[in-house]
Structure formats: structure tokens, C-alpha cells
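Data first, discussion second: the structure below is written as C-alpha cells.
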Amino acid sequence: MSFANADTPPQVVVLGAGAWGSSLAYVLNNNDIPTQVWSRRSPQSLESMVAGADVIVSAVSIKGVPSVAARLEAMDLQRRTILVTATKGLDPETMTTPSQIWQAALPSQPIAVLSGPNLSKEIDQGLPAATVVASSDQAAAEEIQTIFAADNFRVYTNNDPLGTELGGTLKNVMAIAVGVCEGLGLGTNAKSALITRALPEITRVGLHFGAQPDTFWGLAGLGDLLATCSSMLSRNYRVGYGLSKGQSLEEILANLGGTAEGVNTTDVLIKIANREKIAVPITRQVYRLLHGKITPPQAVEALMERELKAEFEDFDL
């Protein structure tokens, strides 16, 4: 079925009523797409709400993905129901991405990843933005592109869901580092250098697991990295900024008003990097900082005093 040519619009259910889930529902409703939002506090059950849905958009936190996926796995979903994951994070138990969790739970369903430089508050204000829908099922990607595209929300497609997902997930770690840099008042030169060196670190991880290099130069990679590392609207950026001002991690998280997925992602990424022997120098300093092993100035010093090397060493695309 093509949503664009159908007599009636598709029925969509957004899982997760946080800032991001609410923003995605806002875009869909503005496009006259019938959309319901489910959360753990919803009076209606998850099962009854998604029964008959054409599209399910998951915007629950990474912590909630496995349990929600297990509940949908037990259902008999329509074969062409498309599952779109918009969660950014890594599961601490399995060290897998949200789309990998969903694919394991729903092997017969088309799975798509939605990610890009999309700060939810700007989306809610109707400011222009662009995003990426990635899937190995091109038809599914194009269907999701159709329902989300709007005058102020441009949607691209690609066929690299893993790279799209990793770009959106790993930049949260880098945003913590950039928040530290900004909070310490290290200047534009330092901030630019840090963001630039963050991109090959993200790409290195992605390529190790088979992602496509071009993905990281696009909206889900460089685009999301720039947005998240340039705005106090980013919760991960604010974590780093708060640490640079002497606040404890516990204090920062308590006052954040939402989840900073970069904190959990840092821990999981270090485990993956250790297991796979992937160089992640920025992530290692963020990890040490989050666990109180070094101070913010010491983290900067450790990065600046690394062994000298060629710019594109161990970054062979």
C-alpha cells in the first residue's frame, strides 16, 4: 500500500510522550495524519492502541525499548506495519542499537530509523529542519518520508539504518565534551577542533560495524553533531557545561528535565571499544570525567597531550 495514493491517511501511533515523541506527533498532526501518542501513563493499553496501526513510531528512551519491543513481539501485527525508531542510545545489556532490538523482536516488519539535527523545541516552534529516514526497505523509507515531509520539515531517505542510528547516538557523547569546552571558555578554535575530531571518531566506530562512510557526512552524522554541539537546548551539551562549572553529575541530571542519553552511551561505547579495540580518545576522556576520575581541565589536557600523528591516520575511508 502506498500512503500517498491511499483514500484514507495511515493510522500512526507514537510510542513515548517525551519531548521528542511529542514533537514527532506534532509534525504528523500538522500534516493531517491521524496520530495517537502512547506512554506508560496512557489509560489505553499499548496493545489496543497499536492494533491496526499502519505506522508505529518508537520514541521511548533506550531503557524502555526492550520491554516495549517484547510486548509488540507477542502481538500479531499487520505484516506491512512499519516500525520507525527515533530513539538515540545503546542498550547497556546487549550493547545493541534500538533498531537491532526492534529487528530481533519483529523480524517480519519493515524497520526504519529516523534521525537528524532535530532539536525538539525548534521543531515545536515550526522552525525549518531536515531529517533522514533510513531503511533497508526502500519502499518503507519512502512511505515514512511521505507522511513526515512538510514545508518546514524536509525529509531525506537513505539505505544505511545502522550508520544513521550510530551518528545520532554517538554524537551525544561528543556533545558532553563540547559542553565542557564551552563551559571552560576555551574559545572557538578549541571548540572547532573538538567537533572536527569528533566526526572521525564517530565514523571509525560506524565503519567498524559496517556502516556506510557517506552517512556520517550527512544530516544524521555531521548535521546532528553540529546541532547538538552548538546549542544549550541539547541536554548532553548541558551535562558537559555543568560539569565544567563544578556541578556533580547527579545534580545536573536531577535538574535536566529529561534524559541525557550520552551518559549511558558513553559507558556502553567504552565497553564496545575495549572489546573491538576501536580508538575512541574523546569518548575515553568523557568516560573518565563522568566517573570522577579526572577534572574537566585534566580531560582537555589529556586530549591535547596525545601522541602527535597525521590528521587522517587510522581514518581510512
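In case you wondered, yes, glycine gets a Cβ from its N, Cα and C as well.
Annotated active site, proton acceptor per Swiss-Prot: Lys171, in sequence order. Within its own chain, Lys171 (active site, proton acceptor) has Ala198, Ile202, Gly221, Asp224, Leu225, Thr228, Cys229 as residues 6 or more apart in sequence whose C-beta sits under 8 angstroms from its own. Lys171 (active site, proton acceptor) falls within a helical segment according to DSSP.
According to DSSP, Trp20 (NADPH binding site) is assigned to a helical segment. Counted within 10 Å of its Cβ, the other Cβ atoms near Trp20 (NADPH binding site) come to 24, all protein chains included. Sequence annotations record features per position, and here Swiss-Prot assigns NADPH binding site to Trp20, Arg40, Arg41, Lys88, Ser120, Arg235, Glu261.
Applying an 8 A CB threshold to same-chain residues 6+ apart, the list for Ser234 (sn-glycerol 3-phosphate binding site) reads Leu119, Ala175, Gly179, Ala227, Thr228. According to Swiss-Prot, the sn-glycerol 3-phosphate binding site annotation covers Lys88, Gly116, Lys171, Asp224, Ser234, Arg235, Asn236.
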When you measure from the Cβ of Arg235 (NADPH binding site), how many other Cβ atoms are you left with inside 10 Å? 23
Let me spell it out: for each of the binding-site residues (Arg40, Arg41, Lys88), count the other Cβ atoms within 10 Å of that residue's Cβ, using every protein chain shown. Which one has the most? Lys88
Identify, in sequence order, the residues in the chain of Asn236 (sn-glycerol 3-phosphate binding site) that are 6 or more apart from it along the sequence and have a CB within less than 8 Å of its CB; answer 'none' if there are none. Asn172, Val173, Ala175, Ile176, Gly179, Thr228, Ala260, Glu261, Gly262, Val263
Across the listed NADPH-binding residues, Trp20, Arg40, Arg41, Lys88, Ser120, Arg235, Glu261, what is the farthest Cα to Cα distance, given in whole Å? 23
Whole-number answer please: how many Å between the C-alpha atoms of Arg235 (NADPH binding site) and Gly116 (sn-glycerol 3-phosphate binding site)? 16
How many other Cβ atoms sit within 10 Å of the Cβ of Gly116 (sn-glycerol 3-phosphate binding site)? 24
